[in-house]
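Over in Swiss-Prot, the protein carries these features:
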ACT_SITE  CYS136  active site
ACT_SITE  HIS269  active site
ACT_SITE  ASN289  active site
DISULFID  CYS133-CYS174  disulfide bond
DISULFID  CYS167-CYS207  disulfide bond
DISULFID  CYS262-CYS310  disulfide bond
CARBOHYD  ASN158  N-linked glycosylation site
SIGNAL    1-16  signal peptide
Amino acid sequence: MNKILFYLFVYGVVNSAAYDLLKAPNYFEEFVHRFNKDYGSEVEKLRRFKIFQHNLNEIIIKNQNDSAKYEINKFSDLSKDETIAKYTGLSLPIQTQNFCKVIVLDQPPGKGPLEFDWRRLNKVTSVKNQGMCGACWAFATLASLESQFAIKHNQLINLSEQQMIDCDFVDAGCNGGLLHTAFEAIIKMGGVQLESDYPYEADNNNCRMNTNKFLVQVKDCYRYITVYEEKLKDLLRLVGPIPMAIDAADIVNYKQGIIKYCFNSGLNHAVLLVGYGVENNIPYWTFKNTWGTDWGEEGFFRVQQNINACGMRNELASTAVIY
């Protein structure tokens, strides 16, 4: 059963207070103007409108039934498959070597604060935009190292995703990669440069890294099997922000609030866990995304805890230790 039919089956057909499906043509023209869309032909424009209309219907249904809110945004004329193919990039091969040490977190969660967020301690760097390059794995990996550097040295830095795309021969650049193999590649490369020394191009290119300009070096990496989702709270406070794998299909049109309904049809995107809290008696996780600050809650999103939202527990969480 697809996700739209699931919502209809459980809740019935509803109307959104914010959007009216009958006004889809008007919304679409506003969308085309706002995002400067040029489809090249009326045939292609009509095709995009039909996709837009389908996405609008999903937005309306979700807005009525989820605690989060969804909106028409820059992805609204793309099918979910197109968005996943162009704007994510997590690849999950059938088998990978355990270069990073695997740790099983099988003890019950400890007693910690009800709320915690590394952003409040100024240990999370600015939200970036990967664009149409499947390098979420590089962004999430380096975002965790940027935070580790900030925790250790009290300084925010901006590391080079382009170096990872060009010089990480374990992963596949804009064609995808994995979190733990990215850490493996950094250890093998010897370190990572600043983005200012190796700027982002959103495309695969020849490796041009300068080992004399490495700012961050990784000495160890770990993968965690979490028996209890709540155990991630202890891990987050202990090691810093954690890169994790999710299925991004249900967050594409997200605007704000806590997502209660995020299914997992296959992991495809890497994001960074930065905090957790409680709002209106709903416990949530906070993630940093890589789709720019014009998406979601200024580039961040929240999901309900303890429901394996977006499949967040289906792949091992990965972290690394810097020198």
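Here the Cβ of each residue, glycine as well, is placed from N, Cα and C on the backbone.
In this structure, the recorded positions ASN158, ASN289 were compared by how many other Cβ atoms lie within 10 Å of their Cβ, and the smallest count belongs to ASN158. Rounded to a whole value, the Cα-Cα separation of CYS207 (disulfide bond) and ASN289 (active site) is 26 Å.
When the neighbouring Cβ atoms lying within 10 Å are counted for each of the recorded positions (CYS136, CYS174), the highest count belongs to CYS136. The most crowded of the disulfide-bonded residues listed here (CYS167, CYS207, CYS310) is CYS310, judged by how many other CB atoms sit within 10 Å of its own CB. Taking only the Cα positions, the spacing between CYS136 (active site) and ASN158 (N-linked glycosylation site) is 15 angstrom.
You'll find the Cα of the residue listed as 'N-linked glycosylation site' roughly 15 Å from the Cα of ASN289 (active site). In space, HIS269 is the closest of the recorded positions CYS167, CYS262, HIS269, ASN289, CYS310 to CYS133 (disulfide bond), judged by Cα positions. Secondary structure from DSSP puts CYS174 (disulfide bond) in a helix.
Counting only the Cα atoms, the space from CYS262 (disulfide bond) to HIS269 (active site) is about 13 angstrom. Taking a C-beta cut-off of under 8 angstroms and a sequence separation of 6 or more, HIS269 (active site) has the following same-chain neighbours: ILE84, THR88, GLY89, LEU90, CYS136, ALA245, ILE246, ASP247, ALA248. The two recorded residues, CYS167 (disulfide bond) and ASN289 (active site), have Cα atoms 23 Å apart.
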